[in-house]
Amino acid sequence: MSKRIQVNDLNVFYSQFKAVEGVNMVIEPRSVTAFIGPSGCGKSTFLRTLNRMHEVIPGARVEGEVLVDGNDLYGPGVDPVLVRRQVGMVFQRPNPFPTMSIRDNVLAGVKLNNRRQSKSEQDDLVEKSLRGANLWNEVKDRLNLPGSGLSGGQQQRLCIARAIAVSPDVLLMDEPCSALDPISTLAIEDLIEELKTEYTIVIVTHNMQQASRVSEKTAFFNIAGTGQPGKLIEYADTAKIFSNPDVQATEDYVSGRFG
Amino acid sequence: MTATTAAAASARVNPLTTGQLPAWSPWAILLGSWVLVGGVFALMNTGGDPADFNIAATLFLGTVLFVVLLTVFSSVAENRRRAVDRLVTSLVSSAFVIVLIPLVSLLYTVVVNGLDRFDAEFFSSSMRNIVGEGGGAVHAIWGTLLITLGAAVISVPIGLMTAIYLVEYGRGKLAKAITFLVDVMTGIPSIVAGLFAAAVFVIFFGPGTYMGIAGSVALSVLMIPVVVRSSEEMLRLVPNELREASYALGVPKWLTIMKVVMPTSIAGITTGVTLAISRVIGETAPLVLTAGITASLNTNLFSGPMTTLPVLVFSQYRSPGIDPTEALDRAWAGALTLILIVMALNLVARLVAKIFAPKLGR
């Protein structure tokens, strides 16, 4: 199920502007990797290159290699749609489809792709995904109501259920808790803990306690100044990053001395 | 002891209060101004015919007097800020009433004049062999519905797909050129669209060709830019987050557009299409040039002239036959029917928009 990601010499551009420079990284399967760093340092940009969502923005392009189990995502002839079916994504702001019910939101990956499924298969998939996202008990009686009627934390868990319903190998999360209250955040952190037994999870977060709570490895990104490209400063075990990092900038950042 | 505290409390003035005109005062002042101005005009009219009493000037000058008096009273009894507030409120409300006057008057006139011939015969017979009384608009109703339907069938797919191209795919010079041309097309006078369609059909079918589909083509020239502009606005309103959410689920772009972007904006698109139809359904000039004028029922868009309701109104007014009153009554009834059709169309569009609109709340 879950896959290993290897990134070699990755540069990311928005038209002429180089946003991220020279990233090398290996992300192990069935683990949680956290990206931390100040705003604008390229964490989210880099995350979006891992499932080719980056190129949705006009003028954006990538140099270098991203290998998922040895297959280059940016090789010739690679279909971004097939990549995204393997590498799911959860966004910063919960974005359930407003025209769909809770049930249809979970089934969106299936229904939007015109794949046919029997009613009972769909019911099973809805229950399994919602249970997986810790949301089943809260919504099981109102599956046919619109998804936009849920609270922010529930909507975000609905989006996670939607992402895991297409059974990806990798789950990318772009600040999934930044719009949520502490209780919902805790619910999602528990969920990440459960999900990592099946998926490779990469999470961008501004909350360093969260990074230290949920992740095995942490990557610290930084930016030299405005207009400069963001760089991967240090990538190591979370315990090491938060106790005795090799680089002074990392220590300054995690201890709150700047940024 | 208690008495003195009570007295002290009543003597103390709450610094947060100011003078206030009672709630009924604007209405009283309005009524008073009308009565006052009306009285002046009545005095000026003393001994004359009561029918000469100038009611329009009474209402107009009375309202002006009301605005002035209300502002003055308010600035004396209340304060400057409230006076300005009352001045602007009364000006805005007057503007609203002034806008309503022609609309209400138009509807009233059309309904009153149109009801004379709004009968069963009007909806069951055409104008074939009618020169005096009787006759009806069944041919024109069919003509209106068919030609407008034809125009919608041509314009909605083209307009909608152009809008999708502009929003989802269009980059660079081509998209800019299309936007510019659509803007230019919005300003085309309808007679030019009619001449264009007539010229095109003359090329293929020879001079003197009149057929319904030519009218549809002329109308779609007018309708396409309206559909493009309104659909484009609606598609741009769909948040990018929804597109990204769909892409992240491994949904291809065309399915994202079909199943996420379009359903989210369908309510607005429907409204835009209805407005575009309402815009062209009342066109006369291009249809006289392309679909011609006939007195007979013709339900074949591809052969022979067809008459629509606006053209019927025009022809009844222009060539009334032997009984001008009858012809005018038919013209008014035709106008009333046209208004009712547009109204029904708007209601249907609202219903569609309501059914398909994204549901919010729990």
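Every residue, even glycine, has its Cβ placed from backbone N, Cα and C.
Pulled from TrEMBL, these are the features on record:
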DOMAIN    B:141-349  domain 'ABC transmembrane type-1'
TRANSMEM  B:21-43  transmembrane segment
TRANSMEM  B:55-76  transmembrane segment
TRANSMEM  B:88-111  transmembrane segment
TRANSMEM  B:140-166  transmembrane segment
TRANSMEM  B:178-204  transmembrane segment
TRANSMEM  B:210-228  transmembrane segment
TRANSMEM  B:260-281  transmembrane segment
TRANSMEM  B:331-353  transmembrane segment
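Same-chain neighbours of the transmembrane segment (B:260-281): 144, 148, 151-152, 155-156, 159-160, 168, 219, 222-223, 226-227, 229-231, 233-235, 237-238, 242-243, 245-246, 251, 338, 341-342, 345-346, 348-350, 352-354, 356-358, counting only residues six or more beyond its ends whose CB sits under 8 Å from a CB of the stretch. Through the fold, the transmembrane segment (B:55-76) approaches residues 21, 25-26, 29-30, 32-38, 41, 82-83, 86-87, 90-91, 94 of its own chain, all at least 6 residues removed from its boundaries and within a Cβ separation under 8 Å.
Between the transmembrane segment (B:210-228) and the stretches B:88-111, B:140-166, B:178-204, B:331-353, it is B:140-166 that has the most C-beta pairs under 8 angstroms. Contact between the transmembrane segment (B:178-204) and the transmembrane segment (B:331-353) is not supported, since fewer than 3 Cβ pairs fall under 8 Å when only residues 6 or more apart in sequence are counted.
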